[in-house]
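Taking it in order: structure first as structure tokens, then the write-up.
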């Protein structure tokens, strides 16, 4: 039996660093909600059985009319952290017929620069892998170590072998669910899915990502994202 593909978009964050009262995933960029670009990229990939958006139970900003015509489902099962939201979403995927052997691609709602081409590159690279992996970029900048709360450089860190994690992150549903559960039992709240997979003793792979697939986090990021989204994505 061929494994199916599901997408999971954790969308329960408040965007506290973005400088806006409106959660960043609902801010308008180039005429559309930021979340719209993420959903449109996955909607363009007919390979997916379902795309599930996880929002907070008390989300008062989500308006399905802003995403009319796109294929996705929504569940109000967001948790107190990304890890909790992803875990709850994985459980909800069973409602759509997902099994432990199926693949899930978890993607940040705040990465609107994702493209169908990059999604398909990740799938093509990992569909036969025993573990799965992520899109990422080799670190290009020089890294400085500074003590917490300070501003004095302690040392320069080698960037050799360092990659900056992006999303989507692609793993088997059962493996990822078990890995997150193990991390939770061990008292760890990890910031991405690959960290949970690593914590469980597995070795994810990296697939070359894209600079346009950056995470919108700070106020100045919105102008950059809008400029990128106004331009057609290059095929890759």
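Yeah, the Cβs are placed from backbone N, Cα and C, and that goes for glycine too.
Going by Swiss-Prot, these are the annotated features:
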- 17: site 'Transition state stabilizer' (SITE)
- 24: site 'Transition state stabilizer' (SITE)
- 159: site 'Positions MEP for the nucleophilic attack' (SITE)
- 215: site 'Positions MEP for the nucleophilic attack' (SITE)
If you count Cβ atoms within 10 Å of the Cβ of residue 215 (site 'Positions MEP for the nucleophilic attack'), leaving out that atom itself, what do you get?
18
Rounded Cα distance in angstrom between residue 159 (site 'Positions MEP for the nucleophilic attack') and residue 215 (site 'Positions MEP for the nucleophilic attack') is 21
Sorry to bug you, but what's the C-alpha spacing from residue 215 (site 'Positions MEP for the nucleophilic attack') to residue 24 (site 'Transition state stabilizer'), rounded to the closest Å?
11
Look at each of the recorded sites, 24, 159, and point out the one with the fewest other Cβ atoms around it within 10 Å.
159
